[in-house]
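For reference, TrEMBL has these:
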ACT_SITE  B:196  active site
BINDING   B:130  substrate binding site
DOMAIN    B:45-203  domain 'CobB/CobQ-like glutamine amidotransferase'
Ligand SMILES: [Zn+2]
């Protein structure tokens, strides 16, 4: 009963937080528990009978986690996972509180956790993961951590904790080189030469490996046509539909397949895995289409320049009504300037606390801007009130802070938790 | 009507020196020239061999710290070209590490100094902590700007101690700058600054100052006419500067 008082206190705060702000405030109860019982988080996470899986990296970890959990569940494994973006300690503790009994145990065979690299490196020494899956070190992390080498060191600290397997992006040289002294089995995934060649701007990695992953021993995205992907895993090929268009989703799928194979061992079946993708709905803000006030809206989350570019490039060509919102989570929008936004053509509204800086970039890229409205609530109301587009969907492209505010403003429930 | 010469803008080492979008200042200059009816050639230059025979403006962005030694070696072959540009009055914008690599010497890791290209007198000692904040600068008289302040963002690990003949581009109103209350380096047509990213888009007067110098060295006579599209962009920039400055108040 070590954790009972802390868990009860946390639940009470969670309840109060919900009353106060619908759909918000998920980090608050976690803060309370972390203070009352600091061992709760690592003890609970290390107690899953089939072990703990950590998914980390610069970008793609939410999608990879969601795909992996889908594959594992399709194989009949019971999984605890953190709602994506609830990946800071408090948010994670809050997520655990939802499921833990009063002894601090969670009724699931396996834990799959998405962790951001900075936070993951901080708590890694207290965690004992069986499997670690790493996505990439993207070029644009300098905004938060001033160089790629530092991100690589953080991921190295997480990888070094893995006892059984390391599932690594073979196309990302920094990821491929982590934890050289580890005894864990190394599983590699990546894209074919053809897929890399078709990505005019590369894959956004800090350092792209010169060699491609061998489809005979690893997991390789062989071809991609819209949302239809062909992936070869150890010589066996499957074709299936991704939850959204874009090469980054295909790479996430390869990571998830490779990770599931590492975790499940002989239980893993590639056809069960590929069929599990059919049941996936996109994560909020990653291409999710929602009906708001009777209008269909597609929400696209921009986490860094690489995802900004990929999202601009993979936007349906006939999209004519766009809102772009850049919030205070982007301390300095300078690092977005290498992104070529000209393909947006015309934007109905630019919003968020960095609206003017965002508009300046769009303007220099030759994008027509109908209106700049820094107040996001006002901008969203105006955007939704615009007459329905004659073709394409209303599309909102936003950063994490603007996503949170959008959800709060529109009262959207979602499978996501707050990104505190 | 006289025919204006084509303005050639060289952006140096854009593949490694665009960490904060600094290299995009080349495109900003190009856009501003084209809006005035000028013909522009915007040339990315990864090695001396790729340098156009004549250059009328140069942009060198910042690289990240781990790649600084390689970038320094990649820049060395440009030394003679830099000297010729500064002597001929070709405007050069160099940002953060891109600028620091052009000084006499810089401290790469604590206690370990390397020779820079020695285009700009002065040296660049490591700071104890990284400077990462909004940067607001009152421009020096030497820049001849009407704007009360230059506004942007800085993110760098080294100060700058100016040597003989090097003026600053202004005094720091908010932020760290060179570390001694001044910001940047001004030597004839050369501007070095910690204001990173789209400094010329955010501060269009500075952009037009560089553009006027470029037109002069190209032998043009354009007075940089009013342009409705630039008027709209500069309005947005004024709001962006005001947003940053008011958030600091
Ligand atoms: Zn974190």
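Cβ atoms here come from the backbone N, Cα and C positions, even for glycine.
Nobody curates TrEMBL annotations by hand; they come from automatic prediction.
Counting every protein chain shown, 15 other Cβ atoms lie within 10 Å of the Cβ of residue B:130 (substrate binding site). The Cβ of the residue listed as 'active site' lies under 8 Å from the Cβ of B:20, B:21, B:22, B:61, B:62, B:95, B:96, B:152, B:153, B:154, B:155, B:156, each of which sits 6+ residues away along the same chain. DSSP assigns residue B:130 (substrate binding site) to a strand in the three-state reduction.
If you average pLDDT over the domain 'CobB/CobQ-like glutamine amidotransferase' (B:45-203) in this model, you get 96.
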